[in-house]
Amino acid sequence: MQTLQTTSLRVSENQLFILDQQALPQEKRWLAADNVALLVDHIHALRVRGAPLIGLSASLLLALLAQRGLNRDALQQALETLRAARPTAVNLMNNLDRMKQALAREDYPQALEAEALRLVEEDKQLCDRIAEAGSALVKPGSRLLTHCNTGGLATAGVGTALGVIALAHRQGKVANVWVDETRPLLQGGRLTAWELGELGVPYQLITDSMAASLMAQGQVDAVWVGADRIAANGDVANKIGTYSLAVLAHYHQIPFYVAAPQTTLDRYCPNGAAIPIEQRAAAEVTGVAGSFGAVQWAPMGAAVYNPAFDVTPAGLVSGWVLDSGVVTPAQVAAGAFAPDNG
């Protein structure tokens with residue numbers, strides 16, 4: 001396969017490497033991900049994360065395995081194992097559905113490579129279109145609040161919600177970005193803060209519980225988040241804490257926008273209640289660990305509830321910013337995300 005490089009993925013000498021997002025921002029470390037078990041472990045450990053990026057990494061690995069001579073049955077088994085690696089992120093399923101079609105072809109090694117590379121290029125283009133559509137909604141002098149990480153670290157391109165913010169900044173419309181630290185794994189504090197710093201976008205890091213106070217003071221003009229899955233009725237599964245922000249924004253009459261590619265739509269999922277929510281390890285809540293070290297602050301054996309995602313009802317969303325353009329609440333209510341409109 002040809003050499004390929006994005007912010008977080010690299011293909012070199014027929015091997016897949018991922019940027020270890022658990023080591024950032026203290027260390028920029030690339031890790032091999034050249035077999036299924038290893039990539040699944042990276043996904044579970046969130047060394048590779050972001051719904052679009054997970055789907056792309058799985059697709060690229062399948063293509064590389066085919067280049068190494070794995071037969072169709074072995075590749076099918078690998079595909080199913082990868083498919084189960086992150087149940088909430090529908091981009092993974094959508095990408096692998098396309099790879100499955102390529103696997104059915106007689107020339108499947110070549111077809112898988114072509115499809116994986118096509119998915120990467122499409123993701124870059126989708127991100128650009130999302131940024132263009134979303135930046136038109138950003139008013140000059142805006143103070144924006146964002147949650148988790150939705151930039152180039154999570155996609156092959158400029159990102160989704162963070163891509164919107166970055167383009168709006170280049171257009172001179174962003175006064176400040178409030179970055180939720182995003183407990184418990186601090187993707188905002190570690191990753192989004194790092195990306196915004198690299199892009200030269202002015203930001204201030206806050207704890208998740210500070211958002212309400214800022215909104216009450218009139219310090220937030222809009223909230224921008226990404227999505228891991230969008231149901232047919234417009235409900236949005238995203239990083240835990242997103243629902244809280246949506247409720248706060250609604251109360252304070254602040255626009256709440258969801259930026260995502262159409263590959264994040266699950267038109268056959270009727271509503272948020274049907275979206276599987278991944279439950280994660282207690283250790284993520286009882287302490288913290290990373291390249292900076294490890295510490296535990298909760299009592300040993302403390303009972304923990306740790307869902308990775310929550311669901312924001314469609315009624316709290318001001319607009320869904322897709323690569324096809326901005327979709328309004330009225331359009332969603334009229335069936336814009338229904339199966340027969342796909």
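One-based numbering along the chain as shown.
Cβ atoms here come from the backbone N, Cα and C positions, even for glycine.
Among the features that Swiss-Prot reports, active site, proton donor is placed at Asp228. Annotation for Asp228 (active site, proton donor): same-chain Cβ neighbours under 8 Å, separated by at least 6 residues, are Ala51, Thr88, Ala89, Val90, Asn91, Ala237, Asn238, Lys239, Thr264, Phe309.
All protein chains included, Arg49 (substrate binding site) registers 26 other Cβ atoms within 10 Å of its own Cβ. For the recorded site, Arg49 (substrate binding site), the DSSP three-state label reads coil. Annotation source Swiss-Prot lists substrate binding site at Arg49, Gly50, Ala51, Arg86, Gln187, Asn238, Lys239.
The site 'Transition state stabilizer' annotation in Swiss-Prot covers Cys148. Within 10 Å of the C-beta of Cys148 (site 'Transition state stabilizer') we count 28 further C-beta atoms, all protein chains included.
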Other CB atoms within 10 A, centred on Gln187 (substrate binding site): 26
Between Cys148 (site 'Transition state stabilizer') and Arg49 (substrate binding site), the C-alpha gap once rounded to whole angstrom: 11
Proximal but sequence-remote residues of the same chain as Gly50 (substrate binding site) (Cβ under 8 Å, at least 6 apart): Ser8, Asn149, Thr150, Leu153, Ala154, Thr155, Gly226
Pairwise C-alpha maximum, in angstrom, for the residues (Arg49, Gly50, Ala51, Arg86, Gln187, Asn238, Lys239) that bind substrate according to the record: 17
Cβ-Cβ distance under 8 Å to Arg86 (substrate binding site), same chain, at least six residues away: Ile43, Ala51, Ile54, Leu92, Glu278
Cβ-based neighbourhood (8 Å from the centroid) of the substrate site, residues Arg49, Gly50, Ala51, Arg86, Gln187, Asn238, Lys239 excluded: Ile54, Ala89, Cys148, Asn149, Ala154, Gly226, Asp228, Ala308
